[in-house]
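Participant: The structure that follows is given in the form of structure tokens.
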Amino acid sequence: MTDRRPTIMDKAKKQWEVMALNSLLILFTNFAIFLSMPPQTEIFEDIICSKMHSESALHPQGEDDGCRGALVQSELARINGWKTTFEALPRMLLSEAWTRVVCIYSDVLPLSLVWLSGLLRSVGGGEPVIDSIMCVMVMDVFEESDRAVALLRLHSVFIVAKIFAAPASAALVALTSAWTPFLISLAMLFVAQALSFLLPETLGYVEQKEPDDSRAHKMAGKKGNLNQRFALAARLIVQNRNMAPIIIVNLVASITKSSNHFLLQYSSTKYEWSYSQSNLVLVIREASSLLTYLVLMPAASKAIRRVSSKSVTAQDKRLCQGSGLLNVFGFFSIALAGTPVVYVLALAFLSLGSGFDTAMSGFATSLVQPDQIASLHSTAATAKSLGGLVAGPLFARLMQVGFELGSGWLGIPYIAAGLFFITVLVAVCSIRIQSRSLDEDGQPLLQTDV
């Protein structure tokens, strides 16, 4: 049986298949997750509050003993923070079911058992690995010039899921109880799990588009045992001096991203909103993020290309730097917001930097050889997972410090996030853009352009 090079129609069909199935998977998974977030936080708070009050019957109740008091909120931050950490050890269907089992039987099971959900995520690797797989699939079937647009479209689906999940969750809580969206989301995750089995195989698709002699050369390079493959991955990290700052960017950016998990509790406590109200306010950020992805990021990219005579990779670097600056200003603005109006404006401003991850993914991809893309993204996924391990307890502790010091200090986690993103910017600026040529053995010779 002979291989044939795919036609334009074959290529378009494969691209449509990858985009459609990944979009559905993203939509169902993230709609389910964000549908359950406000009710889950409310259920956690109720469980903590009832446990604390039942265990301290002789303790006179004061202002600090209410469910929105510092004691309950500090414990809620601790539970959510460490839950995030154990989830980074990683996730999916079984862990979500386990979280619901602990909540249903909270009268006999301590709430801290939700931390074990992370152990059930160890099969498969969790969200970073899923994100990495989706990214590699896009890289496999799209040309370099079309990859950024494809990734932006996929992330737009992610944002759309968050936008529609918030009002749906609020409506279900208002009409029934927090348990209704909490359990419906689990059923949606089963649907998403079923969709994952339909994802097409894209490995080798790029090689099919190349001439036979080029494909034979690449396939020869793929032969070898597992040790050789690990050696190649290690060689990429050691020989490509840009890998160190790329790893730092993914590690630290994932830490700052985890601060978003506490926005619901932060805004609810600081401005005395219900969790459903806080989640609806966060929709403003998601709507602004969608505008950023669909309009502002492409417009900024075109503007940079129009005024800059540097390489496309250098222009992508400028896009990452600009997006990073917006994140720094956004986090500081959230931390210092004194009124709900200023807070909403700060959320909208932070959303202007929401394209950083996608921009950085495309920028980093352009810095390696095509056959090193998978190694690059798996390394990035590992760095993000490690960042998730640190972020949960770190931001939980910062939230607790804020509660201990008083409402004026609740923004401490977001001051820290802004400082972390300054580190990200320094790492991005340290990346050197290099032109590539091949030596006699087909290995890249790196020459500095910028």
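Just so it is clear, glycine is given a Cβ too, placed from its N, Cα and C backbone atoms.
Dumping what Swiss-Prot says about this protein:
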TRANSMEM  18-38  transmembrane segment
TRANSMEM  100-120  transmembrane segment
TRANSMEM  148-168  transmembrane segment
TRANSMEM  171-191  transmembrane segment
TRANSMEM  244-264  transmembrane segment
TRANSMEM  280-300  transmembrane segment
TRANSMEM  329-349  transmembrane segment
TRANSMEM  408-428  transmembrane segment
Participant: The transmembrane segment (148-168): which same-chain residues, six or more beyond its ends, come within Cβ distance under 8 Å?
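Facilitator: Non-local partners: 15, 19, 22-23, 26-27, 29-35, 38, 134-135, 138, 142, 181, 279-280, 282-283, 286-287, 289-290, 293-294, 297-298, 301, 355, 357-359, 361-362.
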Participant: Considering only Cβ pairs under 8 Å, which range in 280-300, 329-349, 408-428 makes the most contacts with the transmembrane segment (244-264)?
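Facilitator: Against the transmembrane segment (244-264), the leading stretch is 408-428.
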Participant: Go through the chain and flag residues at least 6 beyond the ends of the transmembrane segment (18-38) whose CB is under 8 A from any CB in it; none is fine as an answer.
Facilitator: 134, 137-138, 141, 150, 153-154, 157-158, 160-162, 164-166, 168-170, 172-173, 178, 181-182, 184-186, 188-189, 191-192, 195-196, 198-200, 202, 264, 275-276, 278-279
